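> The annotation region 'Disordered' is assigned in TrEMBL to A:1-20. Under the heading transmembrane segment, TrEMBL lists A:29-53, A:91-112, A:124-142, A:174-196, A:231-252, A:272-300. Residues annotated as domain 'ABC transmembrane type-1' in TrEMBL: A:87-299.
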Amino acid sequence: MQTSTLKTPAVETPAAPARRQRRRASPGWFLISPSVALLLVWMLVPLGMTIWFSLIRYNLLYPGEHAFVGLENFEYFVTDAGFWPGMSNTLLLVGSVLLISVVFGVLISALLEASEFLGRGIVRVLLISPFFIMPTVSALIWKNLIFHPVSGILAAVWKLFGATPVDWLATHPLLSIILIVSWQWLPFAILILMTAMQSLDQEQKEAARLDGAGPLAIFWHLTLPHLARPIAVVVMIETIFLLSVFAEIYTTTSGGPGFASTNLAYLIYNQALLQFDVGLASAGGLIAVLIANIAAIILVRMLGKNLTQQ
Amino acid sequence: MLTLKQSRRLQSLLLGLLAWLVALVLFFPIFWMVLTSFKTEIDAFATPPQFFFTPTLENYLTIQARSDYFHFALNSVVISFGATLLSLLLALPAAYSMAFHETKNTQRLLLWMLSTKMLPAVGVLVPIYLLAKQFELLDSRLLLIAVYTLINLPIVVWMVYTYFKDIPKDILEAARLDGATTYQEIVRVLLPIAKGGIASTMLLSLILCWNEAFWSLNLTSSNAAPLTALIASYSSPQGLFWAKLSAVSTLACAPILIFGWISQKQLVRGLSFGAVK
């Protein structure tokens with residue numbers, strides 16, 4: 001904004017020395033360009049290749065055959081038995097994890113801020129820890145130590161109440177994966193929302209309290225509006241990562257039984273690296289990009305202004 | 001009858017207990033993993049689960065012999081540090097020019113960088129895999145360093161940018177008037193002031209690289225495989241291996257967990273692109 005006031009009048013002068021001086025004073029483009037160029041290449045080259053591959057017949061098992069087939073790959077991908085389960089599982093997974101992490105994230109961080117109690121620092125550290133555990137570890141720990149129908153903790157709890165232990169990953173595969181992924185991402189929401197709550201003006205809160213507002217009214221009219229931006233941040237970042245959930249499925253259910261826990265990411269992996277059908281996988285990849293972009297447009301619209309207004 | 005003060009104190013106590021309960025439940029899988037890593041395989045598989053047992057270090061002592069742990073750990077270290085340093089090298093000048101030589105395009109550029117993170121990894125998996133194969137880079141550390149640098153670059157630029165924005169412009173202008181070149185300005189003046197922020201950016205980038213598990217699983221097999229891939233190789237059942245799995249997992253996660261605990265405050269800033277401080 002500052003530069004616009006400093007700008008010379010809009011008259012184009014052929015005075016080269018003056019312009020050179022201005023450029024010397026602002027090394028901007030020269031310093032940004034490596035990052036921008038690399039990101040541009042990183043985005044455009046693979047995307048261009050994906051678009052091209054999605055339009056040709058390309059299977060690694062049949063080299064040399066690259067006939068142009070138009071939208072045939074998309075047709076095959078969309079009519080594939082795994083497509084609709086993959087789509088609905090992706091949306092269910094992203095939606096449920098977002099819902100769980102935002103709702104519980106708000107509640108838990110409000111709980112932490114509600115009172116001073118012994119060991120609050122430790123509680124905070126315990127709460128955010130799962131976020132730092134690598135995805136393959138959390139998936140396998142849940143699979144073998146928590147969900148296992150014989151020796152898992154949940155089996156022991158079920159037996160304690162006289163119920164028959166459940167083979168979670170076999171009978172409720174998607175729910176189990178939602179639980180594992182939520183366990184990883186709820187701490188992220190807590191981390192962000194807790195910090196945001198601490199920056200809420202205490203005097204404002206105290207003033208509201210003196211005016212006779214109850215804790216619920218304060219939470220609803222003061223805390224929640226203050227959290228709008230951090231919640232939007234949580235939703236945006238989590239959406240980016242949740243659309244590509246892969247390791248958790250790869251190490252626990254391999255997408256099964258059937259397609260019960262296959263999401264788009266796993267379906268594409270399956271077609272590209274297990275069935276070697278590059279064309280089909282590329283069509284799937286583009287559909288994933290399309291979904292992400294729809295989400296991104298909505299979110300950036302919501303957030304864009306918020307983020308850059310410091 | 002309780003006085004107002006007493007009822008407040010009781011309420012506070014109950015809320016504190018509830019918070020502790022929630023924290024213990026959420027932390028339980030990690031606690032259980034660490035506990036299981038000190039059990040024998042028999043104890044680890046016992047029903048009902050054993051909370052009290054004779055601890056053994058055997059799982060830790062045999063990790064190296066069984067799965068060549070150091071090979072994978074070294075890969076994780078080299079790849080994470082390599083990608084972090086490379087992305088900082090690219091991000092520092094970019095963030096400098098965006099923070100101190102702002103133009104009307106700067107905000108748009110920042111949002112564009114963020115939008116490259118919106119491109120889901122699966123969308124570009126196939127071409128990256130084929131390109132890597134073409135250039136014989138599959139299963140090489142170089143490939144993962146390059147990929148991690150690029151996927152973290154937007155976050156690193158943003159984070160450094162928000163730290164730079166907090167530094168008064170006058171300081172740099174003074175240096176410039178004294179005749180400092182842009183290079184001297186960045187290295188001699190800016191970096192010493194911003195070193196705290198740069199350190200937390202490094203930490204965030206290290207954590208993200210260390211835990212990345214989409215590209216590492218798809219682009220490596222053994223040579224360059226980091227710890228995420230080593231752990232994934234434990235997913236196929238191989239008899240009783242709960243305790244061994246727990247031990248190797250504990251070792252793989254401990255450093256990052258400690259990093260995370262130390263830097264939780266600063267991470268918020270990076271992870272929220274400066275929107276939450």
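Our numbering is plain: 1 for the first residue shown, then up by one each step along the chain.
Just so you know, glycine gets a Cβ as well, placed from its N, Cα and C.
What you see is a predicted model, and the numbers here were worked out from it, not measured in a lab.
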> Would you mind listing the long-range same-chain contacts of the transmembrane segment (A:174-196), meaning Cβ under 8 Å and 6+ residues beyond its ends?
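89, 92-93, 96-97, 100-102, 104-106, 108-109, 112-113, 124, 127-131, 133, 135, 138-139, 142, 147, 168, 226-227, 229-231, 233-234, 237-238, 241-242, 245, 248-249, 252-253, 260-261.
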> Which stretch, A:29-53, A:91-112, A:124-142, A:272-300, tops the Cβ pairs under 8 Å count with the transmembrane segment (A:231-252)?
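Highest pair count goes to A:91-112.
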> At a C-beta cut-off of under 8 Å, are there same-chain residues at least 6 beyond the transmembrane segment (A:124-142) that contact it? List them, or none.
108, 112, 176, 179-180, 183-188, 190-191, 194, 247-248, 251-252
> Same chain only, please: residues at least 6 beyond the ends of the transmembrane segment (A:272-300) with a C-beta under 8 Å from a C-beta of the stretch. Say none if there are none.
47, 49-51, 53-61, 69, 73-74, 76-78, 80, 90, 232, 235-236, 239-240, 243, 264-265
